[in-house]
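Chemist: Structure provided below as structure tokens; questions to follow.
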Amino acid sequence: MTTSKNIGETKHWLRTARTLTEALPFMRRYAGKTVVIKYGGHAMGDGELATIFARDVVLMKQVGIHPIVVHGGGPQIGEMLTRLSVQSEFIDGLRVTDAETVEVVEMVLSGSINKSIVNAINSAGGTAIGLSGKDGSLIQAQKLRRSYKDPESNIEKILDLGFVGEPKHINPQVLGALERAGMIPVIAPIGVGVNGETYNINADTVAGAVASAVGAVRLLMLTDVAGVMDRDGTLQPQLSLERIKELTEDGTIKGGMLPKLQTCIAAVEEGVDAAVILDGRVPHALLLEVFTDQGVGTLIRRG
Ligand SMILES: Nc1ncnc2c1ncn2[C@@H]1O[C@H](COP(=O)(O)OP(=O)(O)O)[C@@H](O)[C@H]1O
Ligand SMILES: CC(=O)N[C@@H](CCC(=O)OP(=O)(O)O)C(=O)O
């Protein structure tokens, strides 16, 4: 006898089956390709979402995609610095980092945060390996040099952010070896200088450099907003490089979104097909972005 319960169940199965068949062309498109996922400190705040994130990463690996996770941890570093009564300030989204601060940054990023992500992925059935830029000389870095115009003298000066670095060279060999072994790299954004000094690098910047170095098809940036907003707070599903420039110049794009978008621009200019700013608060944001045609954030690509 056909009951309304049977009909309900059949509809549910059909929906599930349709979802799976819809995912097939995307699985084919990305099979064997590398996707770099930037997992922001704000996005990793919720335990349940972190478990879902780990499962999504494992599922991607299972269907033949090569995910590489680069994580941040800005809020978590901030909490530890407060606990230790160390003052911290940001300039243009970057933490001014003295010798004492860089020790705390390395401890938090390569320690508790890195290992909890590795643990979550392994608990979801994957094999994750945690790395900082020091492991296998993965991220060779140099001191960040950024100039600014001093408003009083109108003279170009160099901004000194202490031990803030920028990637000079990413060693793709380590990542290639892990890929061949079926492992998922989880990278803390710590760089090493020529004299062995430690650099604090913005995690977005590292994600972009890694994506360019490995020739990733996608750079996915998980954060704590729905995507990039315009002046009226309207979500922008897609942004051209020119529009990003405009929104930056008029101050609509600011704070942590600045290094994020600069990274996206650099990545697509260096050959990554597209970069996406994604809402990490949405469960399965990764799966929706990779396996469906419903974008859930802001897409940035050339042209
Ligand atoms: N135009 C904009 N659209 C969206 N977010 C913006 C914009 N300008 C600045 N932001 C800020 O950027 C933040 C995301 O950057 P950040 O705090 O560094 O995140 P994460 O820790 O994920 O890297 C948002 O929470 C938001 O406050
Ligand atoms: C130089 C610089 O600002 N480094 C960042 C590194 C962590 C990071 O980028 O974390 P999110 O992705 O969570 O913001 C910091 O010290 O906070």
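FYI, residue positions are counted from 1 along the chain as it appears here.
Placed from the backbone N, Cα and C atoms, the Cβ positions cover glycine too.
In TrEMBL, annotation is done automatically, which means it is predicted and not curated.
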Chemist: Of Arg95, Arg180, Arg231, Arg243, which does TrEMBL put in the substrate site with Gly73, Gly74, Asn200?
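Modeler: Of the residues offered, the record points to Arg95.
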Chemist: Where the criterion is a Cβ under 6 Å from an atom of ligand 1, which of the recorded positions Lys38, Gly73, Gly74 meet it?
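Modeler: The recorded positions passing the 6 Å Cβ test are Gly74.
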Chemist: For Asn200 (substrate binding site), write down the residues of its own chain that are at least 6 apart in sequence and whose Cβ falls under 8 Å from its Cβ; none is a fine answer.
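Modeler: Listed in sequence order, they are Arg95, Thr97, Thr101, Val102, Val105, Glu106, Phe163, Val164, Gly165, Pro189, Ile190.
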Chemist: CA-CA, which of the recorded positions Lys38, Gly73, Gly74 lies nearest Lys260 (site 'Transition state stabilizer')?
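Modeler: Closest by Cα: Lys38.
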Chemist: Rank the binding-site residues Gly73, Gly74 by the number of other Cβ atoms within 10 Å of each Cβ and report the first-ranked residue.
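Modeler: Selected residue: Gly73.
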Chemist: Cα distance, Lys38 (site 'Transition state stabilizer') to Gly74 (substrate binding site), nearest Å?
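Modeler: Pair distance, Cα basis, whole Å: 13 Å.
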